[in-house]
Amino acid sequence: MGRPLFYEIVEKPASSCIIGICSAIWFYIQKKNIGYSHVGLSYETAVKGHHWRIITSAFSHISVLHLLFNMSALWSLGVVEQLGHMGLGVSYYLQYTLVLVVLSGLLVLGMYHVLIQIFKLDYFRRVTVVGYSCVVFGWMTILSVKQPSSKLDLFGFLSLPISFAPFESLIFTSIIVPQASFLGHLSGIIVGYAIAWGLIHGMNNYWAISMLGWIVLVFMHSLKRSGTYDFYFLEIESVTDPSLPSVRFLGSGRTLQMSAIPVEGVELV
């Protein structure tokens, strides 16, 4: 017999929380009958200022099979949390999960930009990505470099050598699931290698909390500015330079000015 689930959860607290969050969001999406177009990320919506979709697209899943595949892989990859003696551990896992969510989303948009503006492939303008696979592929890649002897277990019976898992899974999902986002998965692999090889490094609790704060601020600002959700306690106004947006917290008298960044189908990530 295997170990009780309770002990597994205690040893993988971050993975367990993320699985719980993604599952709760899936139930909410099903209950409210929300479509991928409402939460997914596309080049067209990003250009319109819906930057909040970088976050919502990562944690949203439309089909139960999509959710199960990603959460099964994520549970297996939670072994990273148990490798504190190798410089990994829970803090490392949380810090670089934040990096993977943001950078893989931005990289996907960058790839779409090149395909649309340089190669004139307008099809990618409306392609919408949704799912946590970009982060899953990122952790597969990191673990394949840091702990190449590990195994990736899927659904409790399928086991893959972690050293080959990123590209095996990339090819497998592209063939078996036509809607799978090749570019979304590839972006997770690229960011994963950048982290594993030390090209992206230096994250600690201070930088992670600072980054999270900016993510929340940009998330709320883009929700309000795009008209998706009206935060009554926030007022957006132009100061000094009308081309630069600002956020003012009502009642505090403080205004923050930020630099403006110019910025058919659905793909599962």
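Just so you know, glycine gets a Cβ as well, placed from its N, Cα and C.
As the structure is a computational prediction, the values presented were derived from the model and not from experiment.
Residues or ranges marked as domain 'Peptidase S54 rhomboid' by TrEMBL: 49-200.
Annotation comment: TrEMBL describes 58-80 (among others) as transmembrane segment.
Here TrEMBL flags 92-116 (among others) as transmembrane segment.
The transmembrane segment annotation in TrEMBL covers 123-142 (among others).
Per TrEMBL, transmembrane segment is recorded for 154-175 (among others).
Here TrEMBL flags 182-200 (among others) as transmembrane segment. Same-chain residues lying 6+ beyond the ends of the transmembrane segment (182-200) with a Cβ under 8 Å from its Cβ atoms: 96, 99-100, 103-105, 107-108, 111-112, 129, 131, 133-142, 144-146, 166-167, 169-170, 173-174, 267-269.
Annotation comment: TrEMBL describes 206-223 (among others) as transmembrane segment.
In this chain, the transmembrane segment (92-116) does not touch the transmembrane segment (154-175); fewer than three CB pairs sit within less than 8 A of each other, excluding pairs fewer than 6 residues apart. Counting residues 6+ beyond its ends, the transmembrane segment (92-116) has Cβ neighbours under 8 Å at 14-15, 18, 41-43, 46, 54-55, 57-58, 78, 80-81, 122, 124-125, 127, 129, 134-135, 138-139, 142, 181, 183-184, 186-188, 190-192, 194-195, 200, 203-205, 207-208, 211-212, 215, 263, 269 in the same chain.
Proximity of distant same-chain residues to the transmembrane segment (123-142), defined by a Cβ-Cβ separation under 8 Å and at least 6 residues beyond the stretch ends, is recorded for 18, 22, 36-37, 39-45, 57-62, 66, 70-71, 73-74, 77, 80, 96-97, 100-101, 104-105, 108, 112, 115-116, 152, 162, 165-166, 169-170, 173, 180-181, 183-189, 191-193, 195-196, 264-269. Long-range contacts of the transmembrane segment (58-80) within the same chain: residues 11-12, 14-16, 18-19, 21-23, 25-26, 29, 35-36, 39-40, 88-89, 92-93, 101, 104-105, 130-136, 139-140, 142-143, 146-147, 150-156, 169, 266, 268-269, each at least 6 residues beyond the stretch ends and with a Cβ under 8 Å from a Cβ of the stretch.
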